[in-house]
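S.K.: Here it is: the structure, laid out below.
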Amino acid sequence: MAADADGLARAAALIGAGGLVALPTETVYGLGADATDPEAVAAIYAAKGRPRFNPLIAHVATVEAALGEGTFDEAALRLAEHFWPGPLTLVVPAASTGSVCDLARAGLDSVALRVPAHATARALLERVGRPVAAPSANRSGRVSPTSADHVLTDLDGRIAAVLDGGACPVGVESSVVACLGGPPRLLRPGGVTRAAIAAVLGFAPEAGGDPGSRPVGPGLLASHYAPRAGVRLDATGLEPGEAVLLFGAFRPAGLDRAAAVETLSARGDPAEAAARLFGALRRLDASGAPTIAVVPVPEEGLGEAINDRLRRAAAPR
Ligand code: TXA
Ligand code: MG
């Protein structure tokens with residue numbers, strides 16, 4: 001559906017009735033449902049094929065609405081005031097007055113909250129008037145979607161609608177920071193850089209594993225964001241038949257015989273690279289090459305989030 005007044009009204013009605021609607025945000029497309037309705041939330045897990053131990057982010061229209069869903073300590077308040085609306089998710093203790101259902105929180109005492117900046121997401125959240133649970137709108141374990149077409153590739157026939165808001169400007173998911181009493185922990189690097197978070201806090205956030213990517217059994221590593229092709233990192237040369245993902249001016253040996261080539265950012269800009277990452281992975285995957293070789297990407301700025309996603313794409317499955 002077009003992201004116009006009519007599309008927004010229909011999307012809000014569908015979500016209000018317990019349906020699943022994919023929506024654009026500044027990071028990636030989310031698969032939205034009423035976060036207060038356990039049946040609607042169960043339908044998200046089913047459509048994605050997502051394990052139910054992995055909790056969802058509740059999206060709200062305003063900082064005020066977020067404050068009603070969780071208990072914010074000083075650090076959480078500071079981060080919320082500075083980065084919302086925007087690509088930051090805060091995990092805080094769930095408020096006793098909160099409305100996000102147990103299933104969306106995977107039974108935890110905490111709740112993940114985000115006020116997105118994307119105009120369409122905000123307009124939809126205002127119309128729904130309730131928190132909207134929205135994981136990335138891809139089949140579980142697959143590459144996250146940054147266009148309405150990506151959403152349909154994975155979920156056509158499993159969801160009621162997708163609101164088409166064009167390409168997502170940030171391109172990687174939100175940074176997830178837990179403020180649960182102790183020092184704030186960066187659970188997932190994302191659209192807000194570690195340096196920007198540290199500048200607002202006045203100190204660096206602690207490292208913290210992302211519980212959603214924790215191995216659940218022997219052999220099940222942190223594989224996520226995975227294309228069908230294998231992914232080989234830090235490639236300085238290409239094997240015959242490989243597709244290649246380039247960054248900056250670096251040219252791997254054997255580039256002339258690559259099966260397919262995509263460039264994240266010719267000028268070496270991490271923000272441009274993040275915005276192009278998931279689309280480029282999907283296109284290289286579509287080339288049919290058995291392996292995608294990725295040249296080194298520096299860790300600076302959004303490079304941390306890019307490398308995190310690439311490492312998960314390369315993890316054994
Ligand atoms: O940019 C984004 O964050 C996108 C857009 C749609 O907002 N959403 C997204 O959702 O990436 P998802 O479900 O793919 O990732 C949510 C992450 C997971 O790693 C999950 O484990 C973590 O947030 N999370 C959610 N609730 C949590 C909680 N209570 N404690 C710890 N981690 C939590
Ligand atoms: Mg996801």
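Every residue, even glycine, has its Cβ placed from backbone N, Cα and C.
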S.K.: Please pick, from Ser96, Ser174, Ser175, Ser265, the residue that TrEMBL records in the L-threonine site together with Thr27, Arg114, Ala134.
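M.R.: The candidate from Ser96, Ser174, Ser175, Ser265 that TrEMBL ties to L-threonine along with Thr27, Arg114, Ala134 is Ser174.
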S.K.: Can you tell me which of the binding-site residues Arg50, His59, Ser136, Arg188 is spatially closest to Ser174 (L-threonine binding site)? Compare CA atoms only.
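M.R.: It is Arg188, whose Cα lies nearest.
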S.K.: Please give the ATP site's span as the largest CA-CA distance among Arg50, Asn54, His59, Ser136, Ser144, Arg188, Tyr225, to the nearest whole angstrom.
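M.R.: Across Arg50, Asn54, His59, Ser136, Ser144, Arg188, Tyr225, the widest Cα separation comes out at 22 Å.
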S.K.: When you measure from the Cβ of Ser136 (ATP binding site), which residues in the chain that are at least 6 apart have a Cβ under 8 Å away?
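M.R.: Val28, Tyr29, Gly30, Leu31, Ser144, Pro145, Glu173 - these are the non-local Cβ neighbours of Ser136 (ATP binding site), listed in sequence order.
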S.K.: Given the binding-site residues Thr27, Arg114, Ala134, state which is nearest to Asn54 (ATP binding site) when distance is taken between Cα atoms.
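M.R.: So, of the listed binding-site residues, the one sitting closest to Asn54 (ATP binding site) is Ala134.
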